[in-house]
């Protein structure tokens, strides 16, 4: 039977997706693009993050640490953001941290402290995925940050379900070339990959903690979504290794959480197509062909498998694959005099409002950012990605074995949804500590939860790829439970 290489097959799928273009490339699109276009290693390397020879340099020398940075911290404090609402009762900071002084590589951050008891609450680092997408544009201004952008592209409104209600939250644009992060050596943009991103993010953290020394001993958590299913575990692993090597730069890592995360190619690809079928986006006939002829653990697919996967994309049609029940953006023009509010019906044109806001000169000045043609995602970073393990499961196992709390959550209306998390988790064969049950947020079932030894899996009802955008209250309930170390409530508070 004729065989088609994995790479050729994925390119064919990618060309089919162009038939149904999105109005604007988003984080979810970038993940899809990356999955369909990347070259897996041949033979695929399944070594854990800790075992690869190429990673020796990651742990072989102390990180670059700048001198004391109190003056920089004071300079990074934001006086006010243009268009922000009245009554802001928390401190916010933003600016650059140098991660490589020789090449002039600097990463941009935005930090919001909690409005109450910030001196005792934990520190949470948020990372968006892609690869190549901004944690400022998505995480901070569209998902879990304290503000969202009105449809006028000029003003902000408060998010009552912001995660800084329960933690001090740090948003990082990484790697260089994304958002406001940059390098004076442009060839750096062609070298981005999992290894360099983990290393730069670690160096960023060490230096950021020098700038904010009051957080050095604070409980520290990392959370992220999408391709951050790679970033977050890899950064956590890097921290653990360096904590053992260098006692003067200890980071008090307690746990990680992964949302709608891509962590294992073979099981996640199967989960993707199963999810499309169970949500009635694919026909029985196409799904049966994929089930029979597609072995996602192999490098080469048969022509029948390739054609079936292509047909799956055609059958799905022009919908938002990452919230399959949501409308598309049909009018991206800015609206004057609009005032938004946070609900479970996210405006599908929100990307455009954020882009307009973050490109305003007065906004970039207030954020202490260099003048930049800012965008949510970088095409060059995504398409030039240098290294990406086909599985992160060994790294996840390493973190569990080292006592790091680990939650994985999935919105159930995302095509990259529940099955792409369940299938990889099942391969770990962890004992169940707490059986599958519903959990509540307010008076409604927020989703379902199952507890394993060392890992908790949570679904979020009615949420797409960006869980805090589509179900902000449920996302806050979830992250609060994660930080407090308890499972979400099993009964409604009204009962």
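The backbone N, Cα and C atoms fix where each Cβ goes, and this holds for glycine too.
The candidates are 13, 300; Swiss-Prot tags 300 with the feature N-linked glycosylation site. Distances between the Cα of residue 465 (active site) and those of the recorded positions 226, 329, 336, 349, 377 are shortest for 226. The DSSP secondary structure for residue 373 (N-linked glycosylation site) is coil. Checking each of the recorded positions 117, 184, 414 against residue 305 (disulfide bond) by C-alpha distance, the shortest gap belongs to 414. Long-range Cβ contacts of residue 349 (disulfide bond) within its own chain (separation 6+, distance under 8 Å): 151, 329, 331, 332. Residue 300 (N-linked glycosylation site) has a Cβ environment of 15 other Cβ atoms inside 10 Å.
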